[in-house]
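Heads up: the structure comes next, in structure tokens.
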Amino acid sequence: MQRATWGSKLGFILASAGSAVGLGCIWKFPYVTASNGGGAFLLVFLAFAFTLGLALMKLELALGRAGRAGIVGTFKQLGGKHWRWVGIPTVLGCLIIMMFYGVVGGWTIAHIKMTLFGELSTTNTAKLSSAFSEFIKQPVTPIIYHGLFLALTLGVVIGGVQQGIERLSKLLMPLLFILMLLLIVRGVTLPGGWKGVEFMFNPDFSKLTIDGVINAMGLAFFSLSLGMGVMITYGSYIDEHTHIPGTAMWIVGLAVMACLLGGLMVLPPVFAFDMNPGQGPGLTFISMPAVFAHMPGGVLFGTAFFTLLLVAALTSSVSLLEVAVSYFVDELKWSRRMASIVPSVLMLIGGIPASLSFGPWSDVKLFNMTIFDLMDYLTSNIMLPLGGVVTALFGGWVAWKTVEKQLAHGNQLPAFAMQTIRFTVSWVAPVVISVVLLKGL
Ligand code: PFF
């Protein structure tokens, strides 16, 4: 049977950008950049995104189109049966990511409601900050919202309406970008707001630590959806004529742009209102309501912002759940319904300690991290980069001939460009990632 392909090149780019652009760019990028000192961290992030990130994006898309399957099917087909073991860590990684991603997705839903009902309509940032911490501290309500976010994700995956949500995101993603631009203008023109821009773009290398480098690498993997086979799965739907290197550049470019816009939107108000930039995961949720309160029609803009953020989060969470679903369907021959429900239930259960780690379990620490931070660290900074190493080694050493053919479809690459990609995936990516990981240990 012929595998379905994307209706158009633009459709494909937007759908894959939909997986990449999500909470990672708008919620995570600003606070991780702020906690790691700003400008210098940003440069390292950009370096990872446009070197290893871009090469791995090309590789994952090429492998997917050659294998015409998800990560396990593709590895098995191109490398032999024993490669099926890569499925287990990727499924596990996606499950753990969704445990904390779903909690933040839940915060987004709660913020739609709170903004709509004017509960956050105050310019008093101390009040906004305590409203946020009061909310996340609760033992039950945030978990209910987390469940709601997972139910929405599950609904899309079980209903088989990915096509629908991708069409929706084609419409809503540009709207999110436009709204972000508008909010950036408001934030930057606040008295003192420009300091946020300077903080983001003025590199101060004395603030860069080895932890910062690991975080920058992890953030690049996370915000580009790399290392978990998501882009392999998406690549399996690209038609034969699409030029993969150009497409990969578009996806990386769009995701990085979303991150930069996210930073430019969240950080200026943090400085204008004298908030603590290093306060962690609450940054976007505290600084944005302060901006809405400083603009006419703030309730409308605020509600629209959190709604668009929710859609962006859903297009990413759907791609994560899909990795688990296709594994259970293809490898264990489960029905699609069961293969969607079982991981969702696990994600729900695993999200409970993640959510409680902001409240009753805030003292529970492992390796000096809360459960939420540990899940994030383990996946973004260890599992995704390791997934990247395995994919790079596979593409560079086991399946290079196939990858080379895929990369040349649609438009022959100059020999030098091809050699650079090969060298990057065979040597640079495995060595650099391993060195950074080992240094971190
Ligand atoms: N890239 C998504 C975001 O920035 O929100 C999150 C994500 C999706 C991470 C898929 C990893 C992944 F495999």
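Keep in mind that glycine also has a Cβ here, set from the backbone N, Cα and C atoms.
Per TrEMBL, these features apply:
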{"type": "TRANSMEM", "residues": "38-57", "note": "transmembrane segment"}
{"type": "TRANSMEM", "residues": "85-110", "note": "transmembrane segment"}
{"type": "TRANSMEM", "residues": "143-161", "note": "transmembrane segment"}
{"type": "TRANSMEM", "residues": "173-194", "note": "transmembrane segment"}
{"type": "TRANSMEM", "residues": "214-235", "note": "transmembrane segment"}
{"type": "TRANSMEM", "residues": "247-267", "note": "transmembrane segment"}
{"type": "TRANSMEM", "residues": "304-329", "note": "transmembrane segment"}
{"type": "TRANSMEM", "residues": "341-362", "note": "transmembrane segment"}
{"type": "TRANSMEM", "residues": "382-400", "note": "transmembrane segment"}
{"type": "TRANSMEM", "residues": "421-438", "note": "transmembrane segment"}
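Using a cut-off of 8 Å between Cβ atoms, the transmembrane segment (247-267) and the transmembrane segment (38-57) share at least three residue pairs, counting only pairs 6 or more apart in sequence. Long-range neighbours of the transmembrane segment (173-194) within the same chain, counting only residues 6 or more positions beyond its ends whose Cβ lies under 8 Å from a Cβ of the stretch, are 14, 17-18, 21, 26, 258, 261-262, 264-269, 271-274, 288, 291, 294-295, 301, 304-305, 308-309, 311-312. Touching of the transmembrane segment (304-329) and the transmembrane segment (85-110) is concluded from the presence of at least three CB pairs under 8 A, sequence neighbours closer than 6 excluded. Distant neighbours of the transmembrane segment (85-110): 23, 27, 71-72, 75, 135-136, 141-150, 153, 227-229, 281, 285, 306, 309-310, 313-314, 316-317, 320-321, 323-324, 327-328, 331, 343, 346-348, 350-351, 354-355, 372, 375-376, 378-380, 383-384, 386-387, 390; these residues of the same chain sit at least 6 beyond its ends, with a Cβ under 8 Å from one of its Cβ atoms. Under 8 Å from some Cβ of the transmembrane segment (214-235) lie the Cβ atoms of residues 12, 15-16, 19-20, 24-25, 28-29, 32, 36, 41, 44-45, 48-49, 52-53, 56-57, 60-65, 67, 69-72, 74, 86, 90, 93-94, 97, 244, 251-252, 255-256, 258-259, 316, 319-320, 322-323, 326, 377, 379-388, 391, 433, 436-437, 439-440, all in the same chain and six or more residues away from its ends.
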